[in-house]
Structures are given as C-alpha cells and as structure tokens.
Amino acid sequence: MIASASGRDRLGRHVVDHDTAASLIAQAKAAAAHAYVPYSRFPVGAAVLAADGSVFTGANIENASYPLTCCAERVAVFHAVMAGQTAIVAIAVWAEKSSGVTPCGACRQVLNEWRPERDDMVVILEGLGGPEHLALADLLPRSFGPRDLDGSRRNP
Ligand SMILES: [Zn+2]
C-alpha cells in the first residue's frame, strides 16, 4: 500500500510523485525475479498502482507453446483485478536487458481497459535520470475501449 499514491496536475490528470514512481520501479524489479523465461531469457517485472493505493506485481510467464506466454504487465493487472481492483492509476515496467522498455501493443490494450474512468494511466519506465513518466494515451492513441461499447465515447 502506498499512502500518497498520486495527485493531479493543473489539468486534472493523475500524476505520480517521484518516490512513488521509484517504489513502483523497485517493486517491478523485484517481481522480475519471478519471471519464467526459459525461452527468451528476457525477464520483465511490472507493478501496478491501484486507485486505492494498493500495489500488485507480475512477471512474464512463458510457455513451450510460445503464443501462450503472458507479459509481466498483464500478469500484474490480472493480479489486481482478481483482488477486486478496477481502476489502475499507474504501472511501472522493468526489464534487466532493456532499460526503458515499454509495454507491448497487447498489454497497452489491456491496460486501457483498466485505466481510471475519465482519466489516463501513468506508465513509468526506468529512465537514465530516474523514473520516466508517460501517458498511456500517448502509447495507445485513439484507443478502443469500454467507452466505445457503452456509447459514451470521449473525444480525444
Ligand atoms: Zn505485453
């Protein structure tokens, strides 16, 4: 649980403070130790911050039938959803072999499903000078999501 998980900027968007971002990166890094990656040998860890301040982690889990592999981001998100969380404020991603790695396209789509209503999700990467913050909307512009199905499509 992270006490002061996030705030809002002057435009009303979620922001994650430096300490919280650093903590999420550290938890993503720790989660990567649980990766099951005998094929790619590319461990990834992720940590998601739910709207209530709780944190859930995941690591990539591969399979001999390669397409069944699940990325760290989705494992972390599903972990949160199974705990009853439906709004994810931020996700940190860490990969030992690729600093600053971003979520793949499939994970971006899954993340979009769980971003806070009428708000964006902060994607936190390990940058050279510390945590780097990106907006999910910048990684998945003009996304398709639940709002499209209920007829309340927001304008970009
Ligand atoms: Zn992915």
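Cβ coordinates are placed from backbone N, Cα and C, and glycine is handled just like the others.
Copied over from TrEMBL:
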| type | residues | note |
| --- | --- | --- |
| ACT_SITE | GLU73 | active site, proton donor |
| BINDING | ASN60, ILE61, GLU62, ASN63, ALA64, SER65, TYR66 | substrate binding site |
| BINDING | CYS71, CYS104, CYS107 | Zn(2+) binding site |
| DOMAIN | 19-147 | domain 'CMP/dCMP-type deaminase' |
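Structural mapping of features recorded in TrEMBL.
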residue	record	DSSP class
ILE61	substrate binding site	strand
TYR66	substrate binding site	helix
CYS71	Zn(2+) binding site	coil
CYS104	Zn(2+) binding site	coil
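The 10 Å shell around the Cβ of ILE61 (substrate binding site) contains 16 further Cβ atoms across the protein chains shown. Put plainly, the binding-site residues ALA64, CYS71, CYS104, CYS107 were compared by Cβ crowding within 10 Å, and the winner is CYS107. What surrounds the substrate site, by Cβ distance within 8 Å of the Cβ centroid and not counting ASN60, ILE61, GLU62, ASN63, ALA64, SER65, TYR66, is the set TYR36, TYR39, LEU68, THR69, CYS70 from the same chain.
Each of the binding-site residues ASN60, SER65 was assessed for Cβ neighbours inside 10 Å, and the highest tally belongs to ASN60. Neighbouring residues of the recorded Zn(2+) site, listed in sequence order and excluding CYS71, CYS104, CYS107, comprise ALA72, GLU73, ARG74, PRO103, GLY105, ALA106, ARG108, VAL110 (Cβ within 8 Å of the Cβ centroid).
Each residue contributes its Cα atom, and for CYS104 (Zn(2+) binding site) and TYR66 (substrate binding site) these two points are 15 Å apart. Highlighted here are the binding-site residues (ASN60, ASN63, ALA64, SER65, CYS104, CYS107) whose C-beta falls below 6 Å from ligand 1: CYS104, CYS107, in sequence order. Within the model, the domain 'CMP/dCMP-type deaminase' (19-147) carries an average pLDDT of 96.
If you take the Cα of ILE61 (substrate binding site) and the Cα of the residue listed as 'active site, proton donor', they are about 11 angstrom apart, rounded to a whole number. Between the CA atoms of GLU62 (substrate binding site) and CYS71 (Zn(2+) binding site) there is a gap of 8 Å.
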